[in-house]
Amino acid sequence: MASCTIGFIGGGNMAASMIGGLIANQWPAEKIIVSDPTAETRNKLQQQFSITTADNNQQVAEQADVIVLAIKPQIMQQVCLALAESLSQKQSVVISIAAGITCSALKSWLGDSISLVRVMPNTPALLGVGISGLYAQGTSAEQKALAIEVMSSAGEVVEVEQESLIDSVTAISGSGPAYFFLLMEAMEKTAQQLGLNQQQAAQLVQATANGAAQMAKQTGLDAAELRRRVTSPGGTTAAAINQFIDEDFIGLVDRALHAAEKRSIEMGEQFANQETL
Ligand SMILES: NC(=O)C1=CN([C@@H]2O[C@H](COP(=O)(O)OP(=O)(O)OC[C@H]3O[C@@H](n4cnc5c(N)ncnc54)[C@H](OP(=O)(O)O)[C@@H]3O)[C@@H](O)[C@H]2O)C=CC1
Ligand SMILES: O=C(O)[C@@H]1CCC=N1
C-alpha cells in the first residue's frame with residue numbers, strides 16, 4: 001500500500017536508516033514525512049532523501065497514515081502524551097521502534113483504542129538489508145499487513161507471538177550490528193599491527209565478514225559446520241579458535257547478549273512511569 005504516508009517522529013539514526021530503506025525500495029519520497037526538533041537534522045534528511053520535514057510532531061500525526069515513533073525511550077512518555085489527542089482522531093497505525101517500551105505503557109499514553117505494532121529494526125535497514133522483529137497487539141489483519149509491508153522495505157521481518165520476545169530480538173539483531181562492528185574494529189586494529197595498511201585492513205575485514213554472512217545464508221549449513229570447514233587440524237584457524245575458546249568467547253557472548261536483554265527489560269520499567277514533565 002505504497003500510497004499511504006509514513007510519518008517519523010524523530011529523525012535520528014534509526015529513522016534515517018529506515019527512510020533510506022523505504023526510498024531504496026521505491027517508496028515515494030513525497031509520502032514520507034519526518035519531524036525533528038533540530039534544524040540541522042531536518043535539513044540533512046531533506047537533502048539526502050528529498051522528503052518532507054516538520055519541526056513539530058503534530059504535523060506528522062495529522063498527515064501520516066502510519067506513524068513510526070523513532071525517539072529515545074527516555075522521552076517516549078512525554079511525546080506520546082502530547083500526541084494522544086491527534087492520534088486518537090485518526091485511524092493511523094502506530095509503530096514503536098523504541099527499545100523496552102511495552103505496548104501496555106504505550107497504550108496508557110496513547111489510549112487503548114490505538115492500533116499499535118512494536119518493532120525492533122536494525123541499522124542495516126539503510127541498505128534494505130536490515131531485519132526487524134515485529135509484535136502486533138490488537139491490530140486488524142490489514143493494519144498488521146501494512147506494518148509488515150513498511151518494515152519489509154528495510155529488510156526481513158520476523159513476527160513474534162509474545163511481546164517479551166521483542167527484548168530477545170533487541171539483544172540479538174537490534175543491537176547486533178554493533179557486536180559485529182566491534183569484532184571488525186578489533187580485527188582491523190590487529191591487521192594493522194600485523195603490517196597491513198588501514199585500507200587493506202578494512203578491505204580484508206569487510207570482505208571476510210560479508211563472505212561469512214553470505215555463506216551462512218546461502219549454503220544452508222549451520223555456523224558450527226562452516227567454522228569446522230575453515231579449521232584445519234593443527235592449522236592457523238585452530239590456533240586462533242583455541243585461544244577464543246580458552247578465553248571463554250562463547251560465555252562472553254552469552255553474558256553480553258543477556259546484558260542487552262536485561263537492559264531492554266529495565267528500560268521498559270524505567271521509562272514507563274516517569275513524572276510527566
Ligand atoms: N540506533 C539503532 O540501532 C536502533 C534504535 N532503535 C530505537 O530507535 C529509537 C531512536 O534511536 P536512534 O535513532 O538511535 O536515536 P537518535 O538519538 O539518533 O534519534 C532520535 C531523534 O529524535 C529527536 N528528538 C528528540 N526529541 C524529540 C521530540 N520531542 N520529538 C521528535 N523528535 C525528537 C532527536 O533530536 P536531537 O538529537 O536533536 O535531540 C534525534 O534526532 C530508540 O527508541 C531506540 O531504542 C531501535 C533499533 C535499533
Ligand atoms: O542501543 C539501543 O538501546 C538501541 C536499541 C537497539 C539498538 N540500539
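Cβ atoms here come from the backbone N, Cα and C positions, even for glycine.
Here the structure is a predicted model, which means the values were calculated and not measured.
As written in TrEMBL, here are the features:
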type	residues	note
BINDING	Ile9, Gly10, Gly11, Gly12, Asn13, Met14, Ala70, Ile71, Lys72, Pro73	NADP(+) binding site
BINDING	Asn57	NADPH binding site
DOMAIN	5-100	domain 'Pyrroline-5-carboxylate reductase catalytic N-terminal'
DOMAIN	163-267	domain 'Pyrroline-5-carboxylate reductase dimerisation'
Alpha-carbon spacing, Asn13 (NADP(+) binding site) to the residue listed as 'NADPH binding site', which is rounded to whole Å: 17
Euclidean distance between Cα atoms of the residue listed as 'NADPH binding site' and Lys72 (NADP(+) binding site), Å: 14
Site with most surrounding Cβ atoms, counting all protein chains shown within 10 Å, from the binding-site residues Asn13, Asn57: Asn57
Secondary structure tally of the domain 'Pyrroline-5-carboxylate reductase catalytic N-terminal' (5-100) (DSSP, helix then strand then coil): 50 helix, 19 strand, 27 coil
Length of the line joining the Cα atoms of Asn57 (NADPH binding site) and Ile9 (NADP(+) binding site), in Å: 6
Helix, strand and coil residues within the domain 'Pyrroline-5-carboxylate reductase dimerisation' (163-267) as assigned by DSSP: 88 helix, 0 strand, 17 coil
Cβ neighbour count (within 10 Å, all chains shown) around Ile9 (NADP(+) binding site): 25
Sequence-ordered binding-site residues from Ile9, Gly11, Asn13, Lys72 with Cβ under 6 Å of an atom of ligand 2: none
Rounded mean pLDDT for the residues that make up the domain 'Pyrroline-5-carboxylate reductase dimerisation' (163-267): 98
